[in-house]
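Some features that TrEMBL has for this protein:
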type	residues	note
TRANSMEM	A:12-38	transmembrane segment
TRANSMEM	A:44-65	transmembrane segment
TRANSMEM	A:86-109	transmembrane segment
TRANSMEM	A:115-138	transmembrane segment
TRANSMEM	A:145-167	transmembrane segment
TRANSMEM	A:187-211	transmembrane segment
TRANSMEM	A:223-243	transmembrane segment
TRANSMEM	A:272-301	transmembrane segment
TRANSMEM	A:313-332	transmembrane segment
TRANSMEM	A:344-363	transmembrane segment
Amino acid sequence: MKPISLFQKNMPIKAVTVFFISNRFQVIFFLLVFPQYIAHSYMIWFIIALGILSQGNLYILSKWISSSYSTKGYAGFIELFGEWKVRILTAVALLPILVKLSVLTINFVSTTRYYIFPSVNPSWLIFVFLLMSMYVAIRGMENTIRFSIIAFFTVIWIILLFLPFYFPPNAAWINLFPLTHSWSQQTWKGILFIWATLSGPEYLICLIPWLKQDQKIVKYMTWANIVTVLELLIVLIASLLFYGHHYLLLIKYPYIEMTRYLQNPIFERIDIVLIAFYLFHLVFMVSILLLILYGAMRIIFKKVSKETTRKGFLITCVITTALIIFLNQFLWTNERQYKTWMNIEVVMSGFTYLFIPSFLVICSKIKRRRR
Amino acid sequence: MRKGVRTSILAFTLICLLLTTSCGVRPENNLIEEIAPVIFWYVKKGENKNLKISTAVPPILKEKKQLFSLQVNLLKQGAKDFNLIYYREMKVGQLRMIFIDEQVAKKGIAKIVDSLLIDPDTSQRLFIVIVTGDFEGYLKKQMKDKENAEYYLYRMLKHYEDQNQGELTPINLHEYKKMLYTPYTDPYIPVFKADQQNFSYEGTAIFKKDTLVKTLTKMDDQVFQLVGTDNYLKYLAIPKLSVVLGRVHTAVDFNLNSSYSKLFIKVKMMGRLEDYQGENGMNDKNIEKMKSTIEAFMEERTKKLMKKMQHMHTDPFQIGTHTITPFGKTLTDKEWYKKWENMDIDVKYELQLGPLPRESK
């Protein structure tokens, strides 16, 4: 059998792809869950404020990306930390990656199950879903990164469907008021959630070696960030106008329920069509994460210098699938556990986004000074 | 060899995809010959605390129609029991209307509506209608005489929803729920009266939270449509003054004073004279006089209606929403209702009549 080369670099990918990857990584979380503590109109201000803050963080991230360590890829990390430390750090990083992977998969599968296949076994859906992602991932890192463009364009137009909700009789402007609120624990949760939604670009750290070196990367990340903030605002305001704050709290998937309310002479169930489109987005996310996971495994087991093998990748995938099915069956069975997992994911992705870029930049600064 | 593996993975993925879409893995069977997609439920009070729910099957197929009724404890239990007595499986994906008997509505309908809301198969555009009288009798008679009677009922509701015309205001599940769960607002639903021959519009049912407290009919209903909803009235009939106004549009302005003890309602009403059977001739002077009589009459009726609403502690006019400002604190639901019940109300109408088609003498 000819060996497969998952991580081969044939042709550097244009830097504009950063925009697609970064933006899709950011919005995904919000699309799947619309948490109840963000269903207030005063959250509009926080989305804007955190969007600006996130921009600062992206600037730090771009500092790392343009540094000499980053462009060297794995060798750069070895140079910076030493092999042992890299292995330990990678092992630690497995946790957020696995949690992200499981939360995304299980959330998407349970949404699909609720709307389309209510009587199908969830394990089966998880299996099929991961199989699709595996198929994309096995094409190699380069192709998967390029898939982000498809993922972006299959989903972005959906935002247009929310425009009818800005006009009467669907909308009532009074629903948007009052725009202020007293500070409470809910506010903190909302802020944390919005920050977690804006997280995601930190995964670019793993993808930099495949991208063409370009000074414009920071520009593309900025645009991605702006589009994300706009998307969040459009959806949040539309749902507030349509439902009003009090009723919105009772709706679990307003994002899908709202599109369902639109009338179409051809498809009655617009929600089903939309979920099928979101599948592209999800498959892209999960396939990238699977490849990153496989890369991490290779670092931990000291296989970096060897060829990538089909067997190794499949083992990684099988373990992941088994883990997710196990989680879904035993640790994701009721509403309380669901909330716990969501909180874990929110805290973890918020944490990684906030600290990893600064951590890397500080480490490289210290290293350079010691020299 | 490598190609072989790749092809087999692709083939396997495709097979799995196909399996999830139709056959295998316990999906739902939707063969059109074997199912009956019902388009309405009728919920009525049954014997000893039960509900009696009815529907007509098959809905569209050219087959003899039947009206099925069942005594059940729960709404969705009915969906199950229907399957057991009928050779087709009932599907609720096409459910378009739910008719609720007035007696049930007086006990509260939140639970019925909630159970519909949970089901992802049920569209949020499901119309809710309150009926009084013998609706079953009407349906049975109609089924004998013509095809698809229930479908035409649906078309009627849809017609008035699209035209936004105040003859009646159809309310769907989403709108009802929104009114129910938003503070300071109480829902309203159209009421129909059925007997063996007719299915006629009665008025608007006013709710206090989820229980029916009052049905507005005739003049009260017209006032409600003008002041409480965004609709326009095609005809505003005032028999007492022997006058009919046509195409009546209103612009309503609710003004609350800062302590919420006084409410000013200013209604600007635009329309044209459609019919006048009075004794006075139609010259300019008389028309001016008539205008002020109509204004005074409408003011009195509106004031009376508002008093009634205050008395029943309900606010279907959603006046409370006018207390909300972009910045600042809002009242709680309870605080508002307390203020609402003791509010002084002042109503002012301003009628604009379009030009008459002929020269007045």
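Heads up, the Cβ atoms here are built off N, Cα and C, so glycines get one too.
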Among A:44-65, A:86-109, A:272-301, A:344-363, stretch most in contact with the transmembrane segment (A:115-138) (C-beta, under 8 angstroms): A:272-301
Segment-segment contact (the transmembrane segment (A:223-243); the transmembrane segment (A:12-38)) at 3 or more Cβ pairs under 8 Å: yes
Cβ pairs under 8 Å between the transmembrane segment (A:272-301) and the transmembrane segment (A:44-65), at least three: no
Top partner of the transmembrane segment (A:12-38) among A:86-109, A:145-167, A:187-211, A:313-332 - counted as Cβ pairs under 8 Å: A:187-211
The transmembrane segment (A:145-167) touching the transmembrane segment (A:344-363) per 3+ Cβ pairs under 8 Å rule: no
Region pair the transmembrane segment (A:313-332) / the transmembrane segment (A:86-109), three or more CB pairs under 8 Å: yes
